[in-house]
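Chemist: So TrEMBL lists these for the protein:
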- B:Cys172, B:Cys179, B:Cys196, B:Cys235: [4Fe-4S] cluster binding site (BINDING)
Amino acid sequence: MPTPRSDDTMANAPDGRTLETAVTALALRVADAVGPRLRDPVLDRLAGVFVRRHPRAAEAVSSLPQATVLIDAVDLPWGLLLRVGPEGLRLRLCEVATTTADATVRGRFAALLDLAEGRIDGDALFFRRDLTIAGDTALVVALRNALDGEEIDVLAEMDAVAGPLGRLGPMARRHAARVAEALGGLQGALLAPVVGRVGALEKRLARMETRMKAGER
Amino acid sequence: MASFELICPAGTPAALRAAVDAGADSVYCGFRDETNARNFPGLNFSPTEMAEGVAYAHRRGRSLFVAINTYPAASNPAPWHRAVDQAAEFGADAVILADLGLLDYAARRHPRLRLHLSVQASAANADAVALYRDVFGVRRVVLPRVLTVQDIARLTAETGVETEVFVFGGLCPMAEGRCSLSSYATGQSPNRQGVCSPASHVRYEQRGDVMASRLGDFTINLFEEGEPAGYPTLCKGRFVTNDRSSYLFEEPTSLNAVALLPELKAAGVRALKIEGRQRGKAYIAATVAAYRQALDGFDRTGRAEVPMLAGMTEGQRGTTGAYTRTWR
Amino acid sequence: MDTQLTLGPVLFNWTADAWRDFYWRVADEAPVDVVHVGEIVCSKRLPFIAEHLPEALERLTAAGKRVVVSSPILVTTERERQAVRDLLTIGDVTIEANDTGALALLAGRPHAVGPFVNVYNEGTLAWLAGRGAGSVTLPGELPADAIRPLAAAARTLGVAVEVQVFGRLPLAISARCYHARAQGLHKDGCRFVCGEDPDGLSVDTLDGEPFLTVNGTQTLSRRYLSLAGRLDELRTMGVTRFRLSPHSLDMVEVARLFRAVLDGTLAAAEADARLADRIGPAGIADGFFLGKPGAAWVGAAA
């Protein structure tokens, strides 16, 4: 997997959203650690959950011409590649430097997460130069508008992935269940009021990463 | 009675709920096609969503206006006629129209439907407004953003038509509905296709540390690293005249006329409008709440407290635009 | 209906003498049928031409031209509204309405509708015809696909349709003066800097490409529209009037070129070549007609 560039997500999360941002970033780290064989089915489930929960956005996304959008969080070691179009939404983790896409959206992870959840106005981010766009601008605008029309809670979406795991094969299910546990369990952890809990969470996740890597071999 | 009616934009059902919940008196929306002037990819309302939007607003005692403010295409008026018919059918509180032919259609076909004149009609004087009032029964006019407060006061008094003015958001320095700058560069026209500086023709190019924004085949701005940006519209671009580069038409800036509330009230303005159907629901929620607070405060104290909305504005700054004469 | 060449109003702030000389020469030499006069961009310039206006009307009429007085594009102040009312008192000329305010004042009286009133569809055209419009000049951004059905509808309504075929295309109007702004001045203290540029102030992109032209409160294309190669097509559609917009180059020669193409005595490509030569680096464009960016040049062969 790609080499990390920097990992200062925590320091740059906006006030009040530190925990959510950190937890989502950590979930992505777990997803990275388990490797594509286990990760991709879970990401597919996540896309499936999104489509079920947000039919309006899903329809908008599938009405776009087939295209890819690279979400480049400058403070995370990897990017997220979104495929949109008639074949539906697909999510993949990717190495930014070696990925080509029809459009790229670049910014800090916290800002991108806020954008995905409609907590912040994309134009305002752009005016402040906290967001850069390259490639097919219309694609980015269409995607942004589709997402902004929804009430999206990234952690809740991840939590909902746990449900459909039953349809995976037994081996994959065991591994995927661990990823889902990591993803979904985090939602509960958020309820803990103490910001200091993030440190403990991070340790827990680090242990899980090691375990999963071992499991993969 | 409150001094002003607060009119707020919504590009999606989620934004509509955000606007209503944040205290909009009325929300304006468009159908998802070329019949309105914010025909952006992924934006606007299907007929079902429009009907639900009307119901959502009405349940909370608010109004919904449908903007059908582009100019119907030659030999294809059907989408515009259908939009007017559906707005009437769904119980929209008003339609916002610009085209003379479409106003004629709406006035004949739906005599009880309340007609507002869109800013895109650019009715800039009392003679023009009187025509729309007398011929089509237009009840309210959204004034072009080229008038001073003094012009507005005279026009309102002379015509007796309700006037609605923009108070916040994107600022056209040109007379609206009479601008072909975007179509000169892109072939897509605000009047015809309902989109200014269409995203499909916008490209951001990184040139070392400098970001170039391009519209069609033309470079309309270059930004140094970290320099605040604006919309990639031609009129907010930087150009060269007499060997000097400048924001020739308008700086990347947003209108914020909250400081002029006393003057606008004295001018007889009925409704204040926030621009931005293309903006995210976070913008809608923040600006509508700020304006609700400012208007409620103004009604209590007669003073206008300026809300902090710099983060939402183009180029991170505000202007009172043409309302003050020095802008010219 | 006969095909007519019309001359649009002078858009730029020419000196009173230049303005007068221009119309005198048009009266004597230009093969145009209709001549528009009037200051339509900036009311502050009005006094400059006012002294020569009555004489110009007289002289053009005597020379057999049909004279049309054009109303301003943007009317906001009381003084500007009064100026429009003053135009209506001029006898024996057609008034061209360029905003809906003028349209209101002209109700029931035969008049022309100028290119600054938005006429995009048959519904609007029919409504205008019912109010006494004898001719309509279509907005410059309309493509052939829209001109065709409008010209067909106009024929049944008995309205003449006019299309601009030469000159920089008006693209926008504002209350703000960009000519003054480019010099760091306000409109109220503009020192009439627009008078320094008889064809407008050149606006380039930051990449040094020619782009637009500023004429006081008006913004125009940098390129000169030429539809010399489309005259036959326009005529077939039912367009009967072709508008030339005045510039400081030899407009008598321009009118002769277009007249020759209409008469079939000069190939359109040859006319375009000569126009391009006179215009120089600003270049020619015909993109709007083809539904492309207005700045594009395709040419008749395409």
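Glycine too: its Cβ is placed from the backbone N, Cα and C atoms.
In terms of burial and nearby residues, how do these features look in this structure?
Modeler: The Cβ of B:Cys172 ([4Fe-4S] cluster binding site) lies under 8 Å from the Cβ of B:Arg145, B:Cys179, B:Cys235, each on the same chain and at least six residues away in sequence. Look at B:Cys172 ([4Fe-4S] cluster binding site): DSSP puts it in coil.
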Chemist: Tell me, how many other CB atoms lie within 10 A of the CB of B:Cys196 ([4Fe-4S] cluster binding site), whichever protein chain they belong to?
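Modeler: There are 28 of them.
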Chemist: Could you check the binding-site residues B:Cys179, B:Cys235 and say which one's CB has the most other CB atoms within 10 Å?
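Modeler: When each Cβ's neighbours within 10 Å are tallied, B:Cys179 tops the list.
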Chemist: Would you list the binding-site residues among B:Cys172, B:Cys179, B:Cys196 that come within less than 8 Å, Cβ to Cβ, of chain C, in the order they occur in the sequence, writing 'none' if nothing qualifies?
Modeler: B:Cys179
